[in-house]
């Protein structure tokens, strides 16, 4: 009888998998398709997200992007696909080359600068085109019927051969005085001023170097301004990490500041974008967290972006929870420990609320069944808590299969002591702790406290500032001089330990003074009362 019940339950859950897709907030923000190389535009109270559409199969060994997609959102969480613009909009372009892009609005017209592969034999390789529209979602048309920038206009690195790709990844910026600039590049970083028409260059193309950068510029520049400072985010090294430089001018010089984001798991590429929306800043990038994701099957994600008092950017950790969802900690009720993931292995460890390894992203169960939940590692989206064939808790990457969805779904039972979790694949078992080890056991085998967990929401982790923003007015030229200057700046800014020492010293001095006063007063009193 019990066996028949289990079979019926499994069939029901399989049906629910297809009929009732779960509500899963957080990252990636686009969940019905692969998306990559994001850029965003805030217009009339909405965010417009411009992406490439990764369509490579798991057997492909290169990028396949036949179109660009435009999404809109009023909150950064719920997104609507507004339009799909085919690469064939540029008739002079070839191949599935709808690569990175960015759109901007000027005087009621939207200009969308994109990367495509040029068919022209006089300037082979990748090029930058520009489309225009009267709305942020299109329809877009080719503004020039030819490239705005092609390989005949720049000096590509020799290793790129006859099909160079140094003219990719455009980012466009309009300054407060109305001047417009276009940055782009791979290996070489270029910029040029744009004419008021936004479809022609105003002067020469400049190749620039980011000063004091401990690595190599790769691609994906994105420029923005905050207060009186210009920021240039970009991918550097390979596999790509994201860093930023700053300047007092949109034309430089640019001073390297720091890394913003580490390399993305299972992806060689990374691509930044930054927006301010409803008085908050957001960092946009792509990861590989969507089921079946990988090097050529990426997904756009968004994180909160924090600035320190001096304008430095706090390092961003890719998360599953994203911009609105809070991550949770999972702690056995009978210990002082918490669930922690260490290099994809589950551990019970002493709690540390400042460390991402202890954070989880709770969603409705992947099976879609009411009352079930699933848990992702918050700082490694796409990797879930699951039950394996030996009925042991393990961490596994989402492969999109129905079997995985079931193994990653748990019945959530709330009671007076806390929460108990049962795998939907075997509801006779409970997640349990035995001698500080996680396992699944029947309820009758243990005291209920050993099968009870405290699951609590936690705030977003903002790391402490480790070094100040580099002084842009310094005359230092070498890395050693810059390091010495930073050390001097740090020394001139007392940290908490110095402040604590000063406080202790003041209290000691105050105590000594009070003690001397008491001794003096006591001595005088004794002198007066002596016969």
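For all residues, glycine too, the Cβ spot is worked out from N, Cα and C.
TrEMBL entries are annotated by machine, without manual review.
Taken from TrEMBL, the feature signal peptide applies to 1-25.
The active site, proton acceptor annotation in TrEMBL covers 37. Secondary structure at residue 37 (active site, proton acceptor), as computed by DSSP, is strand.
According to DSSP, residue 219 (active site, proton donor) sits within a strand segment. Using a 10 Å radius centred on the Cβ of residue 219 (active site, proton donor) and all shown protein chains, the other Cβ atoms total 26. Residues or ranges marked as active site, proton donor in TrEMBL: 219.
For 346-438, the entry in TrEMBL reads domain 'Alpha-L-arabinofuranosidase B arabinose-binding'. Taking H, G and I as helix, E and B as strand and the rest as coil, DSSP gives the domain 'Alpha-L-arabinofuranosidase B arabinose-binding' (346-438) the counts 9 helix, 46 strand, 38 coil.
Residues annotated as transmembrane segment in TrEMBL: 501-523.
Residue 37 (active site, proton acceptor) sits 11 Å from residue 219 (active site, proton donor), counting Cα to Cα. Within 10 Å of the C-beta of residue 37 (active site, proton acceptor) there are 32 other C-beta atoms, taking all protein chains into account. The average pLDDT computed over the domain 'Alpha-L-arabinofuranosidase B arabinose-binding' (346-438) stands at 96.
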